[in-house]
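Record features, source Swiss-Prot:
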ACT_SITE  His419  active site, proton acceptor
BINDING   496-508, Ser534, Gln656  CoA binding site
Amino acid sequence: MASNEASTSAAGSGPESAALFSKLRSFSIGSGPNSPQRVVSNLRGFLTHRLSNITPSDTGWKDSILSIPKKWLSTAESVDEFGFPDTLPKVPVPALDETMADYIRALEPITTPAQLERTKELIRQFSAPQGIGARLHQYLLDKREAEDNWAYYYWLNEMYMDIRIPLPINSNPGMVFPPRRFKTVHDVAHFAARLLDGILSHREMLDSGELPLERAASREKNQPLCMAQYYRLLGSCRRPGVKQDSQFLPSRERLNDEDRHVVVICRNQMYCVVLQASDRGKLSESEIASQILYVLSDAPCLPAKPVPVGLLTAEPRSTWARDREMLQEDERNQRNLELIETAQVVLCLDEPLAGNFNARGFTGATPTVHRAGDRDETNMAHEMIHGGGSEYNSGNRWFDKTMQLIICTDGTWGLCYEHSCSEGIAVVQLLEKIYKKIEEHPDEDNGLPQHHLPPPERLEWHVGPQLQLRFAQASKSVDKCIDDLDFYVYRYQSYGKTFIKSCQVSPDVYIQLALQLAHYKLYGRLVATYESASTRRFLHGRVDCIRAASTEALEWAKAMCQGEGANVPLESDREDEEESRKVKFSIYSKDHLRELFRCAVARQTEVMVKNILGNGIDIPLLGLREASIEVTGEMHELFKDESYIISQCFLLSTSQVACSTDSFMGYGPVTPRGYGCSYNPHPEQIVFCVSAFYSCEDTSASRYAKSLQDSLDIMRDLLQN
């Protein structure tokens, strides 16, 4: 993983790294002289000697050291099963001909015959016996042998570090939990304290190596899963760069440091709250609550208007990088930035958005389940994703921070998280664990919070005229982006995964086909579709892409629409109810439609399984593309091809975010002309978070949600007995 300063060097590369890992592997886990405690002591001594001889440019070792899971150095029983190279396999490099065959198959439903034929010719040249493809493939195989995860930094840079657009909406998801009922400001402080106490307890569990090992629950069940991303959630932060971003990840020394703090932001004012210190130990919940209460009472009373520094983190990455450089010209600002980066989390204490903020919906939709006053679930999701703009809470954020807990005075709460360090599953599981503990052990009457502690330190920013001007410019830029977001939380309540499973279909596969049908009903075509597939069966595995737009799905969608083509009238659009009750004559029999559906299910399942077992196409294609640049100095024509560009423009970006609580997570589209759609299947309902941009006349979040409703309805009619 990236070190404090280095961001893009290949994981575990270079002779120094190889020597270090050779040294580490010579230690054995057991009792006596080679006990874990002795290993730690020996390791520290070895590193002290190693560091004394290191040069400033020698950074490859950092990635390897920081990639060692903490639990490997613990006394827990299954240490040898936890993310270490000897037990977790490396990400594979699939055979070249297999990747190219699957690539052609993925292009068939989303390209024209002429485009596809051109691509096939390029692939023939690329894959010829004397072509460059075999050479590049061997380059990746060699890279796999030399490194812990040959694809990690290719993928990290492609997905995150090289992207220059703003984080909110475009990259950072927002998550909404069931709202609380706060009667007083003390309730807000106590709830915040309980969340932070849970974060601190989780930190202690990581440090002690007690994080339970997860195993695969499907397809070659019981395989151990890489847990590395769980160790990157707390105390980490993204750093902007003019050309490329980097990551701040806590070093082993910092993980063992007894000082723990969070940064609390209230009304754009920032405070450092120490949760645990070497000179006084861990704060109790009541003591933490007293610190939060101080912030809640102090921030509104300050005479000067606060400097909304957090607003700058919502700007395009290169712009924010230059602003950050200006901030760092003052040493006091440098210290503030360090406190934010090293904080376990950022806690944002918000004011509520107006009830009519960006209000959306459609006639016939089911009512929202959760409300906070006059605010519905869509409104609450806006607050978590972007804060509502410069007049609301967008300056009350630090969008670079991996985890921002957000609590609003009206009971709305959730989080916004920066995506580069971890996938959603690690974030969701951490917050749901803390939330369930709070629900299972309600607040006891602790009386008023204790006030014997010194107050939190308020971070004061020192900015010149140039930065003052940038705040005004950033306000306009951020507000424009937020005004363009078309976002809608839609609950489909006719059925959920209980019915889907009764049809002998995976709920994820079923919903993915519903998303394809909904798109076809509106546009008469399928488009490149992204669904994240976890590759945590492999060392430092993150995700690959399940491409749901298949030829089989296209044939089924065409048949389901009875050949009507694009902009099929939706049942929920019809004003005349009698019209919708008329008998409709089908071109295809139900048996034929069911057979097409089963074929689409089989193909979607096949693609899903290939991806989770490390045999997808997007990671290998990315590797071949980057290898062509590294080996020949230029990108091969195959990756400049129109079909490749189409395949990488994900007009439908989707992901299943399964929550055991009645929570949901949403995000914006990944392209100006596309949709974002997360989903959370429950036994008797499915929650969708649909997003689009108003600046695109061809897309509409509410209309896509309506098409989803109709698609799910007719799929039930097709499959139920």
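All positions are counted from 1 along the displayed chain.
Glycine is treated like the rest: Cβ placed from N, Cα and C.
The C-beta environment of Ile500 (CoA binding site), restricted to residues of the same chain at least 6 apart in sequence and closer than 8 Å, consists of Ser506, Pro507, Tyr510, Ile511, Pro681.
Neighbours of His419 (active site, proton acceptor), defined as other CB atoms within 10 A of its CB across all chains, total 17. Sequence-distant contacts of Ser502 (CoA binding site), defined by Cβ-Cβ distance under 8 angstroms and a gap of at least six in the same chain, do not exist. Take the CB of Asp508 (CoA binding site) and look out to 10 A: across all protein chains shown you find 23 other CB atoms. In the structure as shown, the Cβ atom of Thr498 (CoA binding site) sits within 10 Å of 13 other Cβ atoms. Shown are the binding-site residues Gln504, Ser506, Gln656; of these, the residue with the fewest other Cβ atoms within 10 Å is Gln504.
For His419 (active site, proton acceptor), the nearest of the binding-site residues Gly496, Thr498, Gln504, Asp508 in terms of C-alpha separation is Asp508.
Packing around Gly496 (CoA binding site) is summarised by its Cβ count: 18 other Cβ atoms lie within 10 angstroms of its Cβ, all protein chains included.
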